[in-house]
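According to Swiss-Prot, the protein carries these features:
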COMPBIAS  1-16  compositional bias 'Polar residues'
REGION    1-48  region 'Disordered'
REGION    67-122  region 'Disordered'
COMPBIAS  76-86  compositional bias 'Low complexity'
MOD_RES   Ser131  phosphoserine
MOD_RES   Ser138  phosphoserine
REGION    185-210  region 'Disordered'
DOMAIN    307-452  domain 'JmjC'
BINDING   His353, Asp355, His418  Fe cation binding site
Amino acid sequence: MEKVTNSAAAKPQGNNKKQESAYNGAGKDKKKPNLDIETTDSDLLSDMHLDGTTEQKVGTLFSKVFEDTDYGTGPSTSSKEAAAAKTADHERRLQAEADVNNNDAEKAGQLAKESVATQGASATERKQAFSLGLEHTSPIQVNGAALACPLVRKSLPPGEANSCPPPPKRDPAAVKSAVKIIKVKAPEEGNNNNDEKEMSTETSEPHKTDSVEEGRRVVMWIIFPIKTKFFFKYFWEQTACLVQRTNPKYFQSLISFKMLDEILIRHNLDFTVNLDVTTYKNGKRETLNPEGRALPPAVWGFYSEGCSIRLLHASAYLTRLREVCTVLQEFFHCKVGANMYLTPPNSQGFAPHYDDIEAFVIQVEGRKRWLLYDPPKEADHLARISSGNYNQEQLGKPIIDEVLSAGDVLYFPRGTVHQAITEEQQHSLHITLSVYQQQAYANLLETLMPMVLKKAVDRSVALRRGLPLHTFQILGNAYKANDCGSRQLLVENVQKLVAKYLMPSEDDIDEAVDQMAKKFQHEALPPIVLPSEEVRTVHGARSGADDQGNCVCDYKFNEKTSVRLLRANILRLVTEPDGSVRIYHHVDNGLDYCKYEPYFMEILPEKAKAVELLISAYPYYLTIDQLPLKSSARKVEVATALWEHGLLMTEKPFK
């Protein structure tokens, strides 16, 4: 391995065998376990200076992800409250359906008027301007008790929320929806569930797991009890999917109100760059970001005024959330984004719009009403670019109108118009996981066809010949009515050139996919190395000095050492147009989006076969003497270089 430079890619290849999970597991005992450590909200926050003990705490918590869910504990008091709230919602909808079925139009109309009146009465407007002063930093309070903000600042006066009246509730009978609503109840203790066991499988050997399979397990955890195959066959890129649970603690380890306050204190976040303050009132969407650092008094001041808070790239500050994203990116083979949204009661932060991502809305705290609409035009289905804001008058009937409570998940495809409003007595904290942005066939063709054209032009003189002199006089919109023979002949000639020279070969497609995979390597989050993996990688290596002052490393490779890639998608082997061979990887990427230039190693072409074998062998180990290189010294050299860059892991620790 010669040159080490900064510049991005990795789509794995190989046999992805089903492995046991190192990340997701709750053991087979359905009773809630007693953890050996105490984990507070602050333990779940990312800190550049965490010591090994804290890192181990976080790792242990991640492996116990299912032990605090429906599958391990059964309904709690808060679960019963959430279930009661859902029952009330259901009864309200049944009543509305009965009104419609009985043709009781007057009664149904009265219910709608009462709903609008209640919402309007609670949507009081503050006339004073937004301020960063301490006089506006209090939480929303009712009769002196904090209702929306768990961080009560008693020394400050109460503030009233700016709110946006939500659209009137539609009769469910009038909503023709293709949405499948899955309502989930927590499994009872002692109930043997094969799916639950599959998700809860633990292993004492995480260094032998398959990272793609681990990603599938996290997807399974998010959408449980829906099977992943069923989800991708009937919902993915097709229609929305709602999973409702009775366990409000299902996602509590990802983030909390208190964690956000700690993030604001511990990290230097800037408005606009890291955090947005938004509001949607009277049909107008505004971003109220001041300049400078987003300090807690300023942020909570905006929140107490009824503004929504959006934390961008939340995985950079939350270790547990980053673990989820790094595992998911192995499954989806693309960047996994995570934004956090905090909305006070009776408020709306964003206008109706659609996005260019597949969205998983994870409700962590509180409740929020979501309204989804079909894409306005056929061209907006599976949109490649996010839309602007829509007026309420531009929207048709919603395909779904449901309230998400803590523990619920809502998936919808890109191009789905959506808006969300909090209820009068409930704040909302949710995370949106975004995947598959710019991952369409169109993106592949945008990369592929310029490459194909360039190669064809270099090979064929026919494409380099000049256009006929009369081309501008017979072709163009103004000349469509000119049905002369020379016009038709020129059109046919262009079509023949395209058919003959611009059909991509298999090699062309491989090259284009490699270029797209480079982009993933640049955007991906760096992997989180588990403790059992650390002792098998360069991250656990230590060096010292002998009596003469010479550096002594605590590792040494030989032909019998067994190695494999750290992750299935940890690197991408790319042959560049100039013929150079590079290994792009994301081991050293920053936590912020594309913080650094892409990382790569440039290698000799004859060494590429060794890397290809490591890719195809994953998730299995192979000995260094199996690498297809001529000499033993060259085999050890290649393996050592890859290991020292954090790309390989040994089967056994050196110590």
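Heads up, the Cβ atoms here are built off N, Cα and C, so glycines get one too.
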Could you tell me the mean pLDDT the prediction assigns to the domain 'JmjC' (307-452)?
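Value for the domain 'JmjC' (307-452), mean pLDDT as a whole number: 96.
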May I ask which residues of the same chain, at least 6 positions away in sequence, place their Cβ under 8 angstroms from the Cβ of Asp355 (Fe cation binding site)?
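Long-range Cβ contacts: Ala383, Ser386, Ser387, Arg414, Ser434.
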Count up the helix, strand and coil residues in the domain 'JmjC' (307-452) according to DSSP, in that order.
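For that range the per-state counts are 35 helix, 53 strand, 58 coil.
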If you take the centroid of the Cβ atoms of His353, Asp355, His418, the listed Fe cation site, which other residues of that chain have their Cβ within 8 Å of it?
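Neighbours within 8 Å of the Cβ centroid, excluding His353, Asp355, His418: Phe350, Pro352, Tyr354, Ala359, Ser386, Ser387, Thr416, Val417, Gln419.
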Hey, of the binding-site residues listed (His353, His418), which one tops the CB count within 10 A?
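That would be His418, with the highest Cβ count within 10 Å.
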